[in-house]
Structures are given as structure tokens and as C-alpha cells.
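Undergrad: The following feature annotations were taken from Swiss-Prot:
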BINDING   53, 57, 60  [4Fe-4S] cluster binding site
BINDING   97, 128, 188, 260  [2Fe-2S] cluster binding site
DOMAIN    38-257  domain 'Radical SAM core'
């Protein structure tokens with residue numbers, strides 16, 4: 001199957017309407033053409049700055065607009081981030097993702113963020129960040145520090161977007177993706193299913209991703225995790241078969257991308273997750289929490305992988321204990337030498 005960038009909503013809707021077994025079979029055929037069928041890429045996601053976000057995303061418990069149980073926290077110290085990255089490495093992750101609840105990073109944060117990137121790279125993991133909107137200059141800085149992936153989801157279709165968020169435009173999101181690509185980084189971008197959107201909106205989201213000049217290297221598909229206190233806490237559950245169809249269609253129209261089974265896995269049984277892998281999902285987040293939402297523990301994932309004969313992708317070479325100690329010491333020295341350290345922490349709602 002050739003890689004296309006001219007998919008239409010009508011074509012994608014037609015895929016959704018295929019008999020379920022036919023759709024999954026086609027997706028598995030495409031998957032086997034471009035990927036090893038029994039390999040899954042494993043990432044770990046850490047919240048490096050939690051809560052008090054000025055955006056009004058109706059699904060998000062970190063928004064300052066809603067009363068949830070999420071406690072606001074300042075930007076994590078570099079040492080704590082690297083400690084979490086080391087643990088992720090030991091647990092089997094190959095990529096370490098760092099997320100901050102910001103509208104956009106401020107310039108005073110950039111030195112800290114770049115130290116995090118360099119430190120995680122030194123540990124031997126791929127790096128990914130999601131920091132909100134970024135400028136072209138910030139994208140260049142992050143790329144210069146060695147950031148491999150930048151995540152910025154489109155969330156939903158352009159038509160339904162206004163029902164989800166009003167503090168950031170759809171074009172803002174597309175502009176950020178353009179800055180990321182221009183800086184030479186890989187793109188991680190997907191959406192959330194189950195926010196009350198129509199099947200046409202789901203098709204529209206995938207078309208937006210599949211008609212980018214270059215398909216995202218990673219496409220996370222999230223199932224809404226309903227959180228008390230957010231406007232979407234009572235939205236109707238998405239049908240599991242509809243969710244699996246999303247995975248299958250994403251695999252068919254973006255054949256070379258990694259399709260990540262992302263948030264919501266805690267509410268999926270093993271059978272549903274297995275059908276998602278059959279439909280072309282070949283990446284997961286590993287660990288008991290995704291930012292502030294629950295996720296299956298490592299043991300559960302390893303048990304499921306063993307049942308299915310799935311192997312996680314090979315890690316890069318891991319530094320030995322002495323090397324790790326030296327690397328942490330070097331990063332600590334860089335941080336301690338920076339003037340105005342305390343000024344790098346701030347309230348994101350200001």
C-alpha cells in the first residue's frame with residue numbers, strides 16, 4: 001500500500017463503515033507491510049509541571065478553570081526528572097516523555113528543559129516533550145538540545161474543536177506542529193476519542209493528521225478518561241468497537257506511523273487491548289500513571305505481552321552504574337552554576 005497525503009473525509013468515513021472484521025484484517029495486512037507484527041514500542045510519561053494550566057480544555061483535570069483533585073506543582077527539579085528516567089529505563093521503556101501543564105513555556109524555563117533533555121539522552125532513552133504551544137525559536141532550542149519528539153495533539157476535528165477548547169485555536173496547534181517539523185524533530189500528534197464527537201469528527205481528525213506534509217511519526221489515540229470536576233465527567237462512554245475502528249483506520253491511512261494506544265487503557269480489558277494491537281497499535285505508555293490519569297502497571301502489561309507473544313522494542317545501550325553517577329553529577333553541576341535558579345519556577349496561571 002502506498003503512503004498517501006490526500007485522504008478525504010468521505011474516503012475515511014467509508015473505511016469506518018466497513019464490516020468490523022474486514023477493517024481489522026485490512027489494517028493488520030498494512031501493519032505487517034510496514035512494521036514487525038509482534039513488536040511494541042514502550043514509552044513512559046512524566047508530568048514535570050502539574051496543574052494550574054490556563055487553558056480550558058474540557059477534558060483536562062489540570063485546567064485552572066475546573067475544580068478537580070489535581071494539586072498544582074511547580075516545575076520539577078532536573079535531578080528528579082532524571083531519577084524518574086532511570087527508573088523508566090530499568091522498567092523497559094525506550095522513550096521518556098515529559099509533559100508540562102502550560103499554555104506555552106516561558107524563556108526562563110528553556111535552560112532547565114534543555115538540561116532535562118540532555119540528561120535523559122545521556123541515560124540512553126529517546127526523548128519527547130509536550131509543553132503546549134512553542135515558537136519556531138523554542139523549537140530550534142529544543143532540537144539543539146537533542147529532543148527527538150515533540151507532542152502536540154490536535155484532539156479532534158476542526159469542526160468539533162470549539163466544543164472542547166476556546167483558549168487556543170486549531171491553527172495554533174497546526175502552527176506548533178509546523179515549527180516542530182521545521183526544527184527537524186519528529187512529531188507526536190493524535191487525538192481523544194469519546195468527547196461527544198460524531199463519527200464524522202473522528203474521520204476529520206484522522207484526515208487532518210494524514211494530510212500533513214509528512215505523517216506524524218507517532219499517533220497517540222486516547223480514550224477519554226472522565227474526571228470528576230471537568231465538563232466532560234458525564235459524557236457517554238465510547239463503544240469499544242468504535243475505538244478499535246479508530247485504531248484500524250489510523251493504521252491504514254498512516255501506514256508508517258507508530259499508532260500509540262494511549263490514555264484510557266486502564267478501562268480496557270485484555271481482549272479490547274488485544275484487538276487494538278491486531279488493528280495496528282504498536283506503541284503504548286508504560287507505568288501506573290499518565291500525567292495525572294491512571295494507567296495499567298508494568299506487571300499487567302508484561303503479562304499481556306507474554307500471553308500475546310509481543311516483545312517491546314530493544315533499548316539503546318544503558319550506561320553502567322559509574323557512568324550514570326557521573327552523568328547525574330555533571331547535570332547537577334550545570335544546574336547549580338546557573339544564576340537565578342529559583343526564578344525558573346513560576347505560576348503558569350499568571
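Residue numbering: from 1, along the chain as shown.
Backbone N, Cα and C define each Cβ position, glycine as well.
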Undergrad: Can you tell which of the binding-site residues (53, 97) has the fewest other C-beta atoms within 10 angstroms of its C-beta?
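TA: Comparing Cβ neighbour counts within 10 Å for the binding-site residues 53, 97 gives 53.
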Undergrad: With an 8 Å cut-off on Cβ distance to the 97, 128, 188, 260 Cβ center, who else from the chain surrounds the [2Fe-2S] cluster site?
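TA: Here the nearby residues are 43, 45, 95, 130, 149, 151, 218, 220, 285.
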Undergrad: Enumerate same-chain residues with a sequence separation of six or more from residue 60 ([4Fe-4S] cluster binding site) and a Cβ-Cβ distance below 8 A; give 'none' if the list is empty.
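TA: Residues satisfying the criterion: 53, 66, 230.
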Undergrad: Please report the Cα separation of residue 57 ([4Fe-4S] cluster binding site) and residue 188 ([2Fe-2S] cluster binding site) in Å, rounded to an integer.
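TA: Here the two Cα atoms lie 19 Å apart.
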Undergrad: On the three-state reduction of DSSP, what should I expect for residue 53 ([4Fe-4S] cluster binding site)?
TA: strand
Undergrad: Can you tell which of 57, 128, 188 has the most other C-beta atoms within 10 Å, given these are the binding-site residues?
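TA: Counting every other Cβ within 10 Å of each candidate, the maximum falls on 188.
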